[in-house]
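Engineer: Below you will find the structure I want to go over with you.
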Amino acid sequence: MAKITKTFQYGKHTVTLETGEIARQAGGAVIVKVDDTVLLVTAVAAKSAREGQDFFPLTVDYQEKFYAGGRIPGGFFKREGRATEKETLISRLIDRPIRPLFPEDYKNEVQIIATVMSMNPDIDGDIAALIGASAALSLAGTPFKGPIGAAKVGYKNGEYILNPTVTELKDSQLELVVAGTANAVLMVESEAELLSEEVMLGAVTFGHREMQKVINVINELTVEAGTKPSDWVAPAKNDGMIAALKEAVGDQLASAFQVRDKLQRRDAISAIKKDVLGALAPRATIEGWAAGDLAKEFGELEYQTMRGSVLSTKVRIDGRALDTVRPISATAGVLPRTHGSALFTRGETQAIVITTLGTARDGQVIDAVSGEYKENFLFHYNFPPYSVGECGRFGAPKRREIGHGRLAKRGVLAVMPTLEEFPYTIRVVSEITESNGSSSMASVCGSSLALMDAGVPIKAPVAGIAMGLVKEGNDFVVLSDILGDEDHLGDMDFKVAGTAEGVSALQMDIKIEGITEEIMKQALQQAKAGRLHILGEMAHALTTPRQELSDYAPRLLTIKIHPDKIREVIGKGGSTIQAITKETGTQIDIQDDGTIIIASVNAIAAQAAKSRIEQITSDVEPGRIYEGKVAKIMDFGAFVTILPGKDGLVHVSQISSERVEKVGDKLKEGDLVRVKVLEVDKQGRIRLSIKAVEEGEGVQASAE
């Protein structure tokens, strides 16, 4: 195939799609150029599904090569290692709008690899990767019901910005990524500075409207490349098997879905499945029905039963009305030795959230393609298997845990203090101890309480809620605070976090086409009502940050010195700073601009270290009297330490008003004496006098 190139203007950027020259053995391969940021995105689909495959094995890997930024990786091996958090999050970002566009029965393995090969640090690779994945899949001839487009939306001064740069995002009140087909939005990921629901919805519709040019260009590229449609055909339904299964199940599933407790309901459904499949086993053997096909159709009956019941009765499987939030319990300060903690329970979803305060040196150093930087707010989400009553792998966080942690972090970012306002590194950990839907939003609520319990001056409490949707034709219902089953069997997972004032984070994943602006508007309005209700319940535990830090949290004192004085504080070979930290038991961080941060669990020790530093950096004042210690005896006088690191000479003629024949007759090393500063010359040498003090001149000052 000859090289094909398509170029179009997308916001302020020129986007170029190229195919036919690179990675020609891949099913589909596209070079995506957004100014100087260049990605190679490939898509390969297996010719057939593996024997017994019962799920769609789609994998997406986004990777940023260090050579793209002209850097060599750090570490011993000097090559890229496992996926970073950013790479994992963008991989998920690509997966989410693509997965629902494959047919339900398609089980062939599909792999998408997006490689950043050149990076302009001001143009991130996420949107280019989404565009490239859509184009590569369209070229690969898979049964992909795309293409999709993607756009990033910023918001400043009341106006939306299409595909803002990294620099522009620093001043933007919004960072929103939206992806979808020509007719429908499929995915939204965003963080915002407490914006209204109307502004958020406007950003989604703005992005969807602008991305149409991407979809049009990909369609043109596919036509020019002569891509053949997929020849995959969905397996025919076995009507006889389905009818027999429905007859055997009867109304048992409808009864099981009336059980309110999650585990009891799950056990009841499992028992029905076991009995029904057992009863049908003899006929299945005769008819040649596969056990996997029977199990799959049983799952389809579950899907239809739950959805039909909710649509017809407007009552949910746990007995709630459509807009009712589950019972909430919230407690702050549940763990005695942590810096801040909270227990948040909503129905059968529960999180213990812990906040830990550290110093600047506790921040995480990120070695990125664009350069090193430090992250001083960390949010980690853990989802152990016991939280859903199961056994499972336990260890390093999976992609889902990384994604949920990032979403919860987005939820509270808008209310966090700056490092200047609160100079601590903050780590929040959410331990999910029970889960039945919306555990990431429980993490948002719990983190808000844990941060306030730790004394972090957040601007306002934050709550989060997950919304769901059941839609058949034109009939639909929006569900507030969804259960796990409602998420699994529903058409939408729509998470919203924010304060009473506005939205701080919004994430939406839609499994079907046809989600209208009306549906999104209703979901946002219902989410706001739910969020305000949850904030009211959380207020029973804590409404404002505690005024005092935990007894076990480090106290930070910040002082500012002239940068020229830094070497005096550090001392020769670090001797001075080491002596201060050892004697006071504190931790001291010195920044290049002269900012010094002193950390200690003991406030008195921190104050002592501060006093020492102030003494070292203070200037010696001529005419002032100091109390010092004799450091060294010489024939011509004595050197006296009047401030840490500052010695002056008392000449033999200045020791006493009487004649002194031998310095050692009057002074000994270690003696404490009061001296007056006569002069500090241009070389910084200090002339002192004991005689002048005895004569009563000067103003007294003391120093250790």
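Along the chain as shown, the residues are counted starting at 1.
Cβ atoms are placed via backbone N, Cα and C, with glycine included.
Residues annotated as Mg(2+) binding site in Swiss-Prot, with sequence analysis given as evidence: Asp487, Asp493. The feature domain 'KH' is assigned by Swiss-Prot to 554-613. Summarising the annotation, Swiss-Prot assigns domain 'S1 motif' to 623-691 and lists sequence analysis as the type of evidence.
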Engineer: Using DSSP, how many residues in the domain 'KH' (554-613) fall into helix, strand and coil?
Structural biologist: 32 helix, 16 strand, 12 coil
Engineer: Taking the Cβ of Asp487 (Mg(2+) binding site) as centre, how many other Cβ atoms lie within 10 Å?
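Structural biologist: The Cβ of Asp487 (Mg(2+) binding site) has 17 Cβ neighbours within 10 Å.
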Engineer: Same chain only, sequence gap of 6 or more: which residues have a CB within under 8 Å of the CB of Asp493 (Mg(2+) binding site)?
Structural biologist: Ala466, Met467, Gly468, Ile482, Asp487, Gln507, Met508, Asp509
Engineer: For the domain 'S1 motif' (623-691), what are the DSSP-based totals of helix, strand and coil residues?
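Structural biologist: Counting residues per DSSP class in the domain 'S1 motif' (623-691), I get 8 helix, 37 strand, 24 coil.
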Engineer: Look up Asp493 (Mg(2+) binding site) in the DSSP assignment and report helix, strand or coil.
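Structural biologist: DSSP call for Asp493 (Mg(2+) binding site): strand.
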